[in-house]
Amino acid sequence: MPLDGVKNIVLVLSGKGGVGKSSVTLQLALTFCLQGRSVGILDVDLTGPSIPRLVGLEDAKITQAPGGWLPVTVHPFHTPSSDGLNGSQRANKPDDSNESSSSTVETAPQSTNFCGSLRCMSLGFLLRDRGDAVIWRGPKKTAMIRQFLTDVLWGETDYLLIDTPPGTSDEHIALAEQLLTIQQTYSLRSSRATAPKLAGAVLVTTPQAISTSDVRKEINFCVKTRIPVLGVIENMSGYTCPCCGEVSNVFSRGGGQIMAQETGVRFLGAVPIDVGFGEMVEGWKKDSTGQDQGNKATKKGQDARLDSYDDLLVERYKKCWSFSVFEEFAKKLIGLIEGSDQQ
């Protein structure tokens with residue numbers, strides 16, 4: 001069945017392009033992983049897929065399995081070597097079941113000593129050349145969305161984040177219709193398999209009025225398609241000088257929070273521009289074996305495997321100052337989706 005093993009689906013939407021929606025998707029995915037959840041990213045921005053570049057796997061190719069496509073692995077389930085756990089502790093893999101809690105957002109599930117796996121699927125992996133333009137009409141886009149949602153073998157996945165194109169286009173309509181069809185298909189099955197939960201949408205905006213006005217249209221889209229709005233993230237909310245620490249409001253200030261208050265949706269928080277994150281995704285790339293091209297380690301066996309974890313994108317991301325901001329977003333969202341938020 002489509003999406004067997006996927007527990008929760010979260011859409012990431014934006015009204016305008018260039019607001020950092022794909023980078024927000026990736027950072028949410030990485031912080032979900034660091035909360036011990038297994039995560040998948042489905043990139044349905046068909047004409048401008050960004051996820052392969054952001055994860056440093058532009059040259060990766062999709063593997064065809066008997067039951068469908070296998071998504072590209074960004075990193076496996078692992079325990080970072082810096083955690084200092086011994087072999088027996090590593091062997092005791094925790095249960096990934098989403099336990100509900102009676103705590104509020106402020107006491108949402110804490111970080112674990114384990115990092116969940118991250119896999120991704122994008123049209124960018126299927127193009128013959130990464131510079132090829134995708135010039136498709138609506139029916140072909142709809143067919144591709146349907147295939148992404150029915151033919152990808154995600155396996156056990158706690159969260160599937162769907163990175164969408166800006167606005168409300170053919171991709172969004174096809175996505176909403178296909179997810180509804182999948183829900184109906186599961187309801188007709190006599191087996192014990194449960195349908196993936198469409199947890200809701202995270203909306204991304206920048207502070208300017210021209211961006212927040214288009215996000216209002218996204219909220220209206222969610223209302224009409226009955227997709228819950230989990231919250232709004234204001235991205236690029238100022239620039240922090242690396243020398244003096246002064247914050248300059250390059251793109252106005254507070255527009256996302258004001259819009260959230262006026263529309264009655266949750267404001268998750270604001271994220272200033274993180275130069276370190278940009279340098280990380282621009283200057284880091286894996287080779288065809290999945291290893292960091294800059295990693296010259298020659299160790300073999302278990303030690304080499306553990307050392308390689310420190311070179312993973314998720315481990316490098318923890319050094320970016322925006323990690324702490326997105327960690328709070330992840331805890332809030334996990335609390336909302338898994339039932340630990342009583343608000």
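Backbone N, Cα and C define each Cβ position, glycine as well.
Because the structure is a prediction, the values reported are computed rather than measured.
As annotated by Swiss-Prot, ATP binding site applies to Gly15, Lys16, Gly17, Gly18, Val19, Gly20, Lys21, Ser22. Residues or ranges marked as compositional bias 'Polar residues' by Swiss-Prot: 80-91, 99-110. Residues annotated as region 'Disordered' in Swiss-Prot: 80-110. The [4Fe-4S] cluster binding site feature in Swiss-Prot is assigned to Cys241, Cys244; the stated evidence is sequence analysis.
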**OP:** Counting other Cβ atoms within 10 Å, pick out the least crowded of the binding-site residues Gly15, Gly17, Gly18, Gly20.
**Re:** Gly18
Original post:
In the same chain, outside Gly15, Lys16, Gly17, Gly18, Val19, Gly20, Lys21, Ser22, whose C-beta lies within 8 angstroms of the Cβ mean position for the ATP site?
Top reply: Ser14, Pro166, Val204, Thr206, Ser211, Asn235
Subject >> In the chain carrying Cys241 ([4Fe-4S] cluster binding site), residues 6 or more apart in sequence that have Cβ under 8 angstroms from it >> reply: Val247, Ser248
Original post:
What residues, ordered by sequence, lie under 8 A Cβ-to-Cβ from Lys21 (ATP binding site) and sit at least six positions away in the same chain?
Top reply: Val12, Leu13, Ser14, Asp163, Thr164, Pro166, Val204, Asn235
**OP:** Take the Cβ of Lys16 (ATP binding site) and count every other Cβ within 10 Å, whichever protein chain it belongs to.
**Re:** 20
Original post:
Near Cys244 ([4Fe-4S] cluster binding site), how many other Cβ atoms are within 10 Å of its Cβ?
Top reply: 7
**OP:** Pop the Cα-Cα gap between Cys244 ([4Fe-4S] cluster binding site) and Ser22 (ATP binding site) into the table, whole Å please.
**Re:** 29
Original post:
Given Cys244 ([4Fe-4S] cluster binding site) and Lys16 (ATP binding site), what distance in Å do their CA atoms have, once rounded to a whole number?
Top reply: 32
**OP:** Enter the number of other CB atoms within 10 angstroms of the CB of Ser22 (ATP binding site).
**Re:** 24
**OP:** Tell me the Cβ contacts of Val19 (ATP binding site) under 8 Å, same chain only and six or more apart in sequence, or just say none.
**Re:** Pro166, Val204, Thr205, Thr206, Ser211, Asn235, Met236
